[in-house]
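Visitor: Starting off with a structure, shown below.
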Amino acid sequence: MSASHFREQLALCITLAVLAAASGDYRANMFLNGQYQNGIKDQKENNLLVNPSTNVFLNHAIISRQASPFQGPTYLPPKEFLKCAPGQQCVRSGQCLNGYFAQQLPKIQNCDPETTVCCTYRPPPTTTTTTTTSVPVANCAYDSDCVTPDNCRNGEISAINYVKKQGPNRCPAPNICCRIPSTTLTEDGYIFNLPEKTFPLPTKPAVLAMPSTQAPFRPQPTTAVPASRPTIEYLPPSTTQHPSYEKVQTSRRPVYLPPSPATESASSLIPKIRPRPEPRPQPTRRPTNEYLPPAAANEIPRFEPDRAPQPSNQKPIYRGEDQLSPQIFPTPQPANVPKHFAKCASALVCTSENFCNAIGVLSETPVELSPMEAAFRVPLTDCLQTENGSPGKCCRDPNYVDPWPVNLAGVCATRNKRTKPTGVKDLDANFAEIPWQAMILRESSKTLICGGAIIGDQFVLSSASCVNGLPVTDIRVKAGEWELGSTNEPLPFQLTGVKTVDVHPDYDPSTNSHDLAIIRLERRLEFASHIQPICISDEDPKDSEQCFTSGWGKQALSIHEEGALMHVTDTLPQARSECSADSSSVCSATKFDSCQFDVGSALACGSGSSVRLKGIFAGENSCGEGQTVRFAKPDIKWINTAFAENNKPLLLKRF
């Protein structure tokens, strides 16, 4: 047998031996021969699928030990830990009360279920001591108030809209006390801040002030004659007449009080027993050029021994007990003269005194004034109330508006051709070009019925055919309108109700004679550049004058056409026969379509500041260009009467 063959046989035997040994190990291993799996299925109480809570790892170890012939160390599974939810941590069982613990502990998330549990941390309640720092509070004086430092300049309140508020004058920091101005306007009027004592008086009477550089005046005694009793009164120097001085029981003259011995030297003490001075011979005065200044008002003249006392104009003083009192007769009472009551001005209203505040303005409710306000109240004029005939006071009406403002006083409205925005068509007027144009509306139907002319802040002149028969409460007047249905105009319009409507007494609906009506407004108009009154003239239009009329047109008023602009057209005077007019009307032909203008609008003639109202649009013959229109002439006498009844000045007619 060769060596190579022997090696092959030996390798084959070794291979078979290895395979036999491996087969024996397979049959003996429970994990490879299926005994482990079959044992788990046979013990259902330890099966994880049947009873998941059983510790299957320990049983697996026992089965594995029984299946193996070797006795090795028993297999133990890893210890189970509890994983806490977010916000919890592991603590001992005794430290967790009702699911919370309050002690600071290390944060552990995996808990040993035998000794620890998951618990939520809740900090213990802490008692915080609140310390409040007291804010400094100052008490302001009676003439000061508490304001911010920005509103105080040089020690005085400088706020423009400052109003004195009633209440305690306590001023917390950082505010400061600042002096109130001399007068402060409040809702009740002016409050005058005066010192409590304008002229403070001394609490105890004292001697007159004497200069500190000279000794007090004392007469030079010559003969010591004891008086009957001690006196401490001041004795004036002797005069040439030598009147006897007696004690006068009066408290009006200041009484001399000697100084205390502790504060003044012994040489300046006044003896208690003052001798009566003896008259001295009068030496002849020699002329001298020496200037002697006059004594001050509160100064006692200096006594000079070498100067003789001068004659005095002072009258001798006598005792009051020795004099008879003069007979006093009572002042005779004047005869009962009837009190004159004045008539209040146009801006004032006669009302009860308790309805006037401290500055004389009418109040809707009774006013109670303090003693200080009543002492410095604005003087009021006596008047007689027309309602009940009782006395009253003239008080200013806060709602009064002057009929002619300052910028319009005595000035008639003018035609403004250079205003903007401008019209679109040739017959369109610019904004505020015709400032006296008004519009008459009916409230119940919300319709536009006609036009009008503003002749005062509370009066509009229109056509009687337009407003005759309508309820006063159903009429509204709009001033300052230009574009219908628009609110984007440079200045707003003004809408007000109507108080009365006065139709001309000679108005005839059949002939349209005196087709005029005066509308009195409930509220006064506020004049502006687009709202102004026109002056009136009763003269007929002339051929040389430039006349024109205005309005929005019949169609625009009937349908309230949105965006319709005010129209204006020139007119030419015509004969009265062209429009069948009488003496109360005039006729004029329009350049543009006569139906593009409104009944009640003004026929204005002139230019610049001489524009006058000479007619009110009463009606047209037909629509079209060049058609004749009838205008009612203004009756100035009747209009002035209506103005006079309402206490208005007669300023309508201009010459």
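Note: Cβ is positioned from N, Cα and C throughout, glycine not excepted.
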Visitor: Which cysteine out of Cys356, Cys394 is the one Swiss-Prot pairs with Cys344 in a disulfide?
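Guide: Record-based pairing for Cys344: Cys394.
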Visitor: Quick one: of Cys344, Cys547, Cys579, which disulfide-bonded residues lie within 10 angstroms of Cys350 (disulfide bond), measuring between C-alpha atoms? Sequence order, please.
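Guide: Close disulfide-bonded residues: Cys344.
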Visitor: Which of these disulfide-bonded residues is closest to Cys623 (disulfide bond) if you go by CA atoms: Cys383, Cys394, Cys395, Cys450, Cys605?
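Guide: Going through Cys383, Cys394, Cys395, Cys450, Cys605 one by one, the closest to Cys623 (disulfide bond) is Cys450.
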Visitor: Validating a neighbour-count step here. Other CB atoms within 10 A of the CB of Cys547 (disulfide bond): how many?
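Guide: So the Cβ neighbour count for Cys547 (disulfide bond) comes to 23.
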Visitor: If you count the C-beta atoms lying within 10 Å of each candidate's C-beta, which of the disulfide-bonded residues Cys395, Cys595, Cys605, Cys623 ends up with the smallest number?
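Guide: It is Cys623 that, of the disulfide-bonded residues Cys395, Cys595, Cys605, Cys623, has the fewest other Cβ atoms within 10 Å.
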Visitor: With DSSP, how much of the region 'CLIP' (343-407) is helix, how much strand and how much coil, in residues?
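Guide: Secondary-structure composition of the region 'CLIP' (343-407): 10 helix, 16 strand, 39 coil.
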Visitor: Tell me the Cβ contacts of Cys356 (disulfide bond) under 8 Å, same chain only and six or more apart in sequence, or just say none.
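Guide: When sequence neighbours closer than 6 are ignored, Cys356 (disulfide bond) has Leu362, Ser363, Val367, Leu380, Lys393, Cys395 within Cβ distance under 8 Å.
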